[in-house]
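According to TrEMBL:
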ACT_SITE  ASP122  active site
ACT_SITE  ASP316  active site
COMPBIAS  423-439  compositional bias 'Polar residues'
DOMAIN    104-434  domain 'Peptidase A1'
REGION    423-459  region 'Disordered'
SIGNAL    1-21  signal peptide
Amino acid sequence: MSTQLLHPLLLLLLVAGGAGGGRERAAPSLEFHHRFSSPVRRWAEDRGHVLPGGWPEHGTADYVAALTGHDSRRALSAAGDKPPPLTFSEGNATLKVSNLGFLHYALVTVGTPGQTFMVALDTGSDLFWLPCQCDGCTPPPSAASGSASYYIPSMSSTSQAVPCNSEFCELRKECSTTSDCPYKMVYVSADTSSSGFLVEDVLYLSTEDALPQILKAQILFGCGQVQTGTFLDAAAPNGLFGLGIDMISIPSILAQKGLTSNSFAMCFSRDGIGRISFGDQGSSDQETPLDVNPQHITEITVGNSLTDMEFSTIVDTGTSFTYLADPAYTYITQSFHAQVHANRHAADSRIPFEYCYDLSSSEDRIQTPSISLRTVGGDLFPVIDEGQVISIQQHEYVYCLAVVKSAKLNIIGRYDTDSSNPLSIDSRNSSGFSPSAPENYSPEETKGGNPASLNNFLT
């Protein structure tokens, strides 16, 4: 990030011109200027170095915060210590909400005074956005309880628009001379997007150590004015929290500010309750590089059927189910069907899955073959739960292989990563699933994560 070029003190070496025909020259001199002084500001702005939050004025709270933040980063660097992991101030609990797209949600608080939102967690995108002055959006779940439904910049004393000359502004060509930086995120789901403008405000976090402390982190996020597609059908009605590796994602911003390591970990349990932690680098026992064009998978096993097949895939907690293109889709579905001894349900336009089976009144699932994928490194990635029970009508249910045929992309969705094994992604551009929950993600602690506040938010 360009602002890292600004040191605590900028040293300017001035060589004075000599007098007396060059026989006598003034000694070289150094001028020391403070990092936020007027000369340094002019020097930086002339070279296009823009501070994300603007240049702090001397004596203001932002000025003091910038200095103390720099001091803490220097102290950590000198001591060789790592900052503690962080989580949201409302708690580290996450909760799967089936009627909101089968996604995992967490509570985040932003602004001054703080406004709390229940956002969907998405490893498949980078930007964090909130519904804001929103046209045609689904009413957020908090609307029923009377709490803040949308983020309103004018209601937060710490909110400010991101200018078009910010390094975070990717759509600066669409800016006018006076406009704020616009954004538009287009997602894999059909006709699904969010657009608006970028803002800067504070995000409330808590340290995860022996003496938890509340931190205010200055971050950037989208003020979403127009949502389309699945965002209108219930998914992420209160905003979406991108966890990708681009510099605009919250994990990247927290690392850039020296608040925590450039990594995060999420833990899912079968009951839908999970946890999230920033700065937790997880276990290095099982991990795989996040390459731009990888061949992640080399082998598919479906019950007693096995085949070598190379294809790339994305692990995305923001996608509800798994989407596979041919030939992987055909091999998995046909091998699965050949080993299921149950009546196949007739095609139903209301159901996106091709392979569904009738359940009797006494059944809640059927005997199915296990599905697993082998990665390039040789590790076996089991698909934890590939089935979905769907109610057709009263007292009539079907069990479906929850895999959707895709035209191009292969995506392992959130539904198929539900387990007590944590997913971790770090600054080395690698991700991994621990073979079993590490010490700091014991089953007791996972279930001890209190989702009560999330449940209250839904009522």
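Note that Cβ sites are derived from N, Cα and C of the backbone, with glycine treated the same way.
TrEMBL: automatically predicted annotations, no manual curation.
Confidence in the domain 'Peptidase A1' (104-434), given as mean pLDDT, stands at 82.
Its Cβ placed at the centre, ASP122 (active site) has 25 other Cβ atoms within 10 Å. Separation of the C-alpha atoms of ASP316 (active site) and ASP122 (active site): 7 Å, rounded to the nearest whole number.
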